[in-house]
Amino acid sequence: MMLRLKFRNCRLTSTPSRNYIHSNAVRSNLHSTNLKLGDLSKSGRINEARQLFDKMPEKDEYTWNTMIVAYSSSGRLSDAKNLFHRNPVKNTISWNALISGHCKNGSKDEALSLFWEMQLKERSFNEYTLGSVLKMCALLGLLLRGEQIHGCTVKTAFDFDVGVVNGLLDMYAQCRRVSEAEYIFKTMPAERRNNVTWTSMLTGYSRNGFAYKAIECFRDMRREGTQPNQFTFPSVLTACGVVCARRVGVQVHGCIVKSGFKTNIFVQSAVIAMYAKCRDLATARALLQDMEVDDVVSWNSLVVECVREGFKEEALSLFRRMHERDMKIDEFTLPSVLNCFASSRTEMMKIASSVHCLIVKTGYGSYMLVSNALVDMYAKRGTMDSALKVFEGMVEKDVISWTALVTGNTHNGAYEEALKLFCKMRGDEGGISPDQIVTASVLSASAELTLLEFGQQVHCNHIKSGFPASLSVDNSLVTMYTKCGSLEDAEAVFNSMETKDLITWTALIVGYAKNGKAKDSLELYNLMIDNGIRPDYITFIGLLFACSHAGLIEEAQRYFESMRTVYRIAPGPEHYACMIDLYGRSGDFAKAEELLNQMEVEPDATVWKAILAASRKHGKIETGERAARTLMELEPNNAVPYVLLSNMYSAAGRQEEAANIRRLMKSRNISKEPGCSWVEGRGRVHSFMSEDRRHQRMVEIYSKVDEMMLLIREAGYEPDVSFALHDLDKEGKELGLAYHSEKLAVAFGLLAVPDGAPIRIIKNLRVCGDCHSAMKYISRVYLRHIILRDSNCFHHFRDGSCSCGDYW
């Protein structure tokens with residue numbers, strides 16, 4: 001009514017007066033409409049807000065920005081962007097709203113693109129713009145982008161703003177650049193640090209493994225008079241748990257009670273987890289019981305820590321109680337529970353199956369986190385069919401899904417399947433970039449299959465990926481290269497490592513031993529001791545193996561004794577086997593039998609195989625018979641004792657007894673594993689068996705063998721017909737020896753492997769004496785480096801000699 005009176009009165013006044021009154025009326029109407037638009041947006045009624053927005057005859061900066069903020073906050077980025085581009089009155093708030101929306105929704109590329117566009121258009125950003133992009137860089141680990149934005153803050157003098165400095169500190173801490181975060185923190189005036197500043201620094205220490213620094217930072221924070229908040233306490237409690245600083249944790253707990261955060265769920269969960277990590281389960285359980293409301297987060301926290309600390313029975317008990325109390329078991333509870341079954345007793349599989357049924361029934365099987373845990377659990381238990389079934393039923397798969405299946409196959413000896421899956425993972429089917437865990441596993445599989453070229457490709461891809469140095473990957477590389485006979489590459493990786501642990505040193509010590517470099521093995525062991533690294537059970541196996549294969553009796557005896565007297569390590573069957581093998585090789589059977597009788601552990605098959613092998617080498621029939629008979633009882637399905645005993649009889653001219661052993665072997669349905677040799681070349685593996693004629697280049701190969709045999713005979717080679725164990729005449733035996741699998745493999749290598757490159761041959765059984773002799777002559781006649789890995793060790797043939805010194 002009053003508005004109508006005003007307009008009626010306008011007719012009596014001048015034109016400027018009428019315009020003034022009209023503009024006031026429009027502004028008054030716009031203001032009230034903007035207030036209504038803001039109320040609709042804040043209450044989440046976005047569509048109604050948009051309808052009102054479209055009906056408004058006039059719009060100001062507030063109108064446009066309110067609608068853009070509403071769309072951005074609710075995740076409707078496409079609508080926000082369309083409105084932003086239509087906005088005729090863009091200002092800093094408009095840009096901030098759009099950038100912030102993209103940051104919150106993880107659209108990193110679009111957010112950063114908008115930020116750089118804002119700069120190019122010379123729009124002035126403010127501390128809120130910088131805070132949004134820095135937070136996104138922190139959450140996504142975008143270090144390079146974060147450093148570029150840091151440069152912008154310095155140029156625009158925003159590096160003095162507390163909020164921006166806190167954002168920089170958090171970004172560097174979350175990107176694992178603790179030293180940069182520390183520098184920013186220490187150069188910031190003490191009076192300007194607030195609890196966000198302190199919490200960011202403390203959390204950075206805690207997350208990056210600097211637990212003691214995190215605890216000291218908390219103490220400094222308290223001394224400075226800054227009050228910790230609900231984000232500070234979980235970080236310092238995590239640090240206390242990592243280093244089992246229970247006393248400090250109790251003090252922090254007291255501080256929490258005084259500060260009024262006792263009932264905060266996330267703080268409570270952190271307190272319970274701290275006590276569990278400090279192995280004080282009684283206090284953790286008591287705190288859980290005292291909680292006014294059953295909170296699944298707190299229960300989950302205790303279940304997780306029980307599993308992590310090895311209290312699996314306690315974890316399962318907690319899970320049952322959660323179920324009994326009708327608590328909402330979620331996708332975070334189930335992975336921890338499934339982890340309990342990964343290495344538990346066989347009878348626990350019934351419970352594991354029940355949990356799997358519960359997962360299907362409650363619909364959590366569609367959650368990637370839970371499905372990954374199922375794949376991992378089945379893989380670790382060796383039930384790969386079940387793991388594969390869960391994996392194939394997953395709608396989406398991430399790097400963890402693939403890693404669980406690949407590593408599962410590696411751990412269960414299915415090395416070829418592991419490599420096939422790895423190729424699928426990186427190909428069109430998976431499209432997933434491997435992480436450090438799966439890379440280490442694939443390198444282990446390559447090592448077991450002696451696939452040097454494949455391992456080298458994995459190594460190159462790992463370097464290109466830009467991942468930071470990983471001890472597990474580097475250790476796997478050293479092992480892979482030594483197991484493939486490439487000691488130069490193993491040494492290069494070893495020497496490039498900034499951090500080395502016992503596994504690193506042991507891998508190269510064993511690698512040298514297996515490759516016939518006993519002296520290097522012992523020297524490296526001494527260097528390891530000088531570096532303050534204590535040897536373990538495996539290290540001594542490598543050392544004693546090296547001594548055994550180099551005839552170093554005194555050194556072996558010294559190391560064997562030091563196990564007990566210096567390092568308090570009880571020798572196991574493998575150590576005794578190495579010592580017995582050493583005495584057996586030297587022909588000192590009295591010493592070998594004396595040690596056998598003095599063993600503090602029951603001799604296993606490894607020990608008896610050592611005695612049998614030495615008996616075969618030196619023709620000690622009686623000792624060999626005893627070892628063979630014992631092995632037949634220990635491993636009734638193993639053909640080795642039958643074959644070696646038969647060979648011993650044949651070599652001694654006792655053909656009837658050899659025939660009896662072969663008949664006994666046949667009557668028990670035991671078959672000898674056929675000898676097979678293979679060569680890797682140009683991405684393919686070429687395999688050969690004795691007198692094999694299946695290869696597509698067999699005519700060339702046999703022609704090369706004939707040439708080889710002629711040339712090495714001229715150089716002085718004489719066939720050792722004692723290794724031709726068939727009932728043939730001398731000429732027939734020599735012909736049979738010429739076409740052994742390793743000779744066919746080396747002939748193919750001479751045809752296919754480029755000059756100057758080593759010829760790498762793998763054999764599933766021990767190389768026979770005749771082939772060993774022939775390889776020495778072939779290396780000299782053809783001037784080639786031949787690397788032959790048999791079931792026992794590596795043989796590096798160069799210039800007519802072998803790295804084993806004919807002591808294998």
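Using N, Cα and C of the backbone, Cβ positions are placed for all residues, glycine too.
Quick look at what TrEMBL annotates:
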type	residues	note
REPEAT	60-90	repeat 'PPR'
REPEAT	91-125	repeat 'PPR'
REPEAT	194-228	repeat 'PPR'
REPEAT	295-329	repeat 'PPR'
REPEAT	398-428	repeat 'PPR'
REPEAT	501-535	repeat 'PPR'
DOMAIN	716-808	domain 'DYW'
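Below 8 angstroms of C-beta separation, residues 471, 474-475, 478-479, 481-483, 485, 487, 490-491, 494, 541-543, 545-547, 549-550, 552, 555, 567, 569, 793-796, 802-805 of the same chain, each at least six residues beyond the ends of the repeat 'PPR' (501-535), sit close to that stretch. Through the fold, the repeat 'PPR' (194-228) approaches residues 162, 165-166, 169-170, 172-174, 176, 178, 181-182, 185, 188, 235-236, 238-240, 242-243, 245, 248, 252, 255, 259 of its own chain, all at least 6 residues removed from its boundaries and within a Cβ separation under 8 Å.
On the 0 to 100 pLDDT scale, the domain 'DYW' (716-808) averages 89 in this prediction. Secondary structure of the repeat 'PPR' (501-535), assigned with DSSP and counted as helix (H, G, I), strand (E, B) and coil, comes to 26 helix, 0 strand, 9 coil.
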